[in-house]
């Protein structure tokens, strides 16, 4: 089969950089405060809002007392609308769940005063309230990791955490506990975020918690999910789950049929980029220009207009390749969100990367910002992403241009390296610049030009 024109469909490697941690110590382990915050904005009618909040919290507590470990209460049609939720860890008893709620509530109400929202994440539960709907929010800017304990091997931790991040979004209540190789771990998502939001939150959480080894105890906290591992049991042995059935479909390809990308309407992408205006342009390369786009749902994306799809065969290969690359799903790989076709024009939609490339941190005036532990974690993350592409994805993808200028930073300080794609029955080397999305070609070794098995 002849090779198609150069392609810009590129999955990307994601790595993580540590952030400053503030450990908390409280007598009761289940009441240990991990994260607390109040909204920066105040309500207009403080008295009415606090009165409504008192009623909301009372109802929330009553619902938790009835059992289930999860409750939501909302009063949208009042002078002071309130929305609140509480969720306990699955291994916390009903009585301890209510006690944890009481402890968490004391950290936000009345502590947050006239603030329009507040949250407290404890070891045993989470409590959050807002004046606006938030139940589907999966991640927030306050996500972080908390690392404690003596040293232990990190390989088993990372493997178990990775499996949980993939499997938990497929569990009915978005929670699972597992153990293996002397490691105990659990992951739980707030039930209202759904499977998609759970996967998104756990992607961030697992990247954060991966920074904890070799510490023997680590936690990752976010508004939509919670992860923990330890070298000591912290839940009953009979509550562990078999993750294997949940790892053989979906994100772990080879056992499922390719699902294909999202098909965006051309008019929506045109509106999102202000008619592909120069003001929105963030890069240009051999395949076309890249624009920053704002979708109707508020999501910021990178929109690439392709200028290479001239023949019907090229368009067919493009569609096949988009379908393949959109199924490259791994927590260390950036996703191709979808595409759009109108006439001879083909458009790709990627996750938007807001910050600069890694080489700017290594070779500019900011070069001292990374410590040696962070650099080590970057290398480990790159190795894990490459191992997935080489061995775990059902098509072997080989990268031949690893360098710092091909690594970029997103809003959560996760590092992503844009890499190559599969082309028909050949392995092609295509590397996209991480900073401005300009495309660059690698070279093919003669041994790599043979047909893949």
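Cβ coordinates are placed from backbone N, Cα and C, and glycine is handled just like the others.
So that you can see what the record holds, here are the features copied from TrEMBL:
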BINDING   304  ATP binding site
DOMAIN    31-134  domain 'Gnk2-homologous'
DOMAIN    135-234  domain 'Gnk2-homologous'
DOMAIN    276-453  domain 'Protein kinase'
SIGNAL    1-27  signal peptide
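Here the domain 'Gnk2-homologous' (31-134) has, by DSSP, the following mix of helix, strand and coil residues: 36 helix, 33 strand, 35 coil. In the three-state DSSP reading, the residue listed as 'ATP binding site' counts as strand. When DSSP labels each residue, the domain 'Gnk2-homologous' (135-234) comes out as 35 helix, 34 strand, 31 coil, counted as helix, strand and coil in that order.
Across the domain 'Protein kinase' (276-453), mean pLDDT in this model comes to 63.
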